[in-house]
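For reference, the structure discussed in these notes is given below.
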Amino acid sequence: MKFLSFNYKDAESYGVKVKRKDAVWDLKKVFAEFGEGDFHPQTLLEGLQQNQTLDFQEQVRKAVVAAEDSGKADEFKIAFNDIEFLPPVTPPNNVIAFGRNYQDHASELNHEVQRLYVFTKAASSLTGDESTIPNHKDITDQLDYEGELGIVIGKSGEKIPKALALDYIYGYTIINDITDRKAQNEQDQAFLSKSLTGGCPMGPYIVTKDELPTPENVNIVTKVNNDIRQDGNTSQMINKIDDLIEEISKYVALHPGDIIATGTPAGVGAGLQPPQFLQPGDEVKVTIDNIGTLTTYIAKD
């Protein structure tokens, strides 16, 4: 399943993509009419949280089948052209990111890979697919992109052993880890340079892990104005997904809806010769196999 959150007619909702169509089942409406018992989650985060006691996907499947068979299915579907994409989920706790997790990317920025490099991004930096984000020209002329595979946590845990790590994943998404390279190079921490308004585009969907069975062998392609800048594969990650979850959870309790960005391959603007940073009016597209394409626009003014 591909889950998303959206605005429609000034109201926030969430849903699941209609198969083979650019449309969404509005799950707030579907559950209100066809949900079993009291299972009426109002947000995707609520659904993920309840997944610890109920099978959220199975509840969605049953409700959507009932809507499909009701004779009024179109009342519960909305075309993508009519919605504004939001971040699929806004984590109440953690947006955690890993840097230097691809050797070629670390090398292009002249960084050594000696140990895990971990930072957080402010939840206020999250934005959805097709968003226009500020160009931040008032503070930097070195705005950069980083296409990444994102992990969405599906159940709570800490000190998670590597052998069980994948059990704690609900699904995967796409993240563009927008970075102010000027601030990053001037400061001893990454939080500020990584937390600009609009600095964490995410989406368009969360794809459940059953639909992405080999997340460590998917292509990541980033284009700026249709020019390919990054063309990598998650098989190039130094620390694999289970390694990352095991290491984080030694120190940080993970909860449903938490996001983990797993690092970016080579080809960022700062690593090109000469550097090519994002400019007002640019279009950035990050595509990952079996998830989709995340599009971000840099404001002209």
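Cβ atoms are placed via backbone N, Cα and C, with glycine included.
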Binding-site annotation, Swiss-Prot, divalent metal cation: partner of Glu146, Glu148 in Asp104, Asp177, Asp180, Asp188: Asp177
Glu148 (divalent metal cation binding site) in three-state DSSP notation: strand
Under 8 Å by Cβ from Glu148 (divalent metal cation binding site), same chain, sequence gap 6 or more: Ala97, Ile174, Ile175, Asn176, Asp177, Ile220, Ala261, Thr262, Gly263, Thr264, Val286
